[in-house]
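Here's what TrEMBL has on this protein:
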- 23-161: domain 'Kinesin motor' (DOMAIN)
- G106, T107, T108, G109, A110, G111, K112, T113: ATP binding site (BINDING)
Amino acid sequence: VIMTTNQQLNPADFHRSDNASEPVQVCVRLRPAVGTGHSQEALCVRGVDSHSLEVHNWRNEKKIVKYRFDAFYDQVDIQQDVYIGSVQPLLSHLLKGQNASILAYGTTGAGKTHTMLGDPDHPGVIPRAVRDILQMTRDASKDKCKYSVSVSYLEIYQEKA
């Protein structure tokens, strides 16, 4: 997002970070198990709270590894939960001239495309962010600011863009 204005801007505003104080935040989303019955995945990964998960070794029930993240989304969390919790807070920084990147990483079938793009009934983080960014620029344009919005999206599959 590029902003032009006739108003005086405070340089400190471009370096202040509200709740996104870390340069990189790691958020994990657990995809619901596919098919009927319980899969190995459903049995060995369990959410503990909104920041933690446990991985149970199905060969050794006593071996449990715990991981902590900036955010953890369980199987019951919906697209809106992921967007509001992890993407929407970044948008205010864009209007201050800062950049933001969202990266989905995982194996084939993990739910990356669903989380990023979604479908018409359950839009992912990209269409939600574009909608909100455009609304934010319309609202801010009432204060005599003009914005130019540029968005890039790249999918790499089998090491090909």
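Note that Cβ sites are derived from N, Cα and C of the backbone, with glycine treated the same way.
Look at the Cβ of each of the binding-site residues G106, G111 and count the other Cβ atoms within 10 Å; the largest number goes with G111. For T113 (ATP binding site), the same-chain residues that are 6 or more apart in sequence and have a Cβ closer than 8 Å to its Cβ are A104, G124, E155.
Taken residue by residue with DSSP, G111 (ATP binding site) is part of neither helix nor strand, so it is coil. Same-chain neighbours of the ATP site beyond G106, T107, T108, G109, A110, G111, K112, T113, judged by a C-beta within 8 angstroms of the site's C-beta center, are, in sequence order, R31, A104. Of all Cβ atoms in the shown protein chains, 15 besides its own fall within 10 Å of the Cβ of A110 (ATP binding site).
A C-beta separation below 8 Å, combined with a sequence spacing of at least six in one chain, links T107 (ATP binding site) to none of the other residues. Local packing around the binding-site residues T108, G109, K112 was summarised as the count of other Cβ atoms within 10 Å of each Cβ; on this measure the leading residue is K112.
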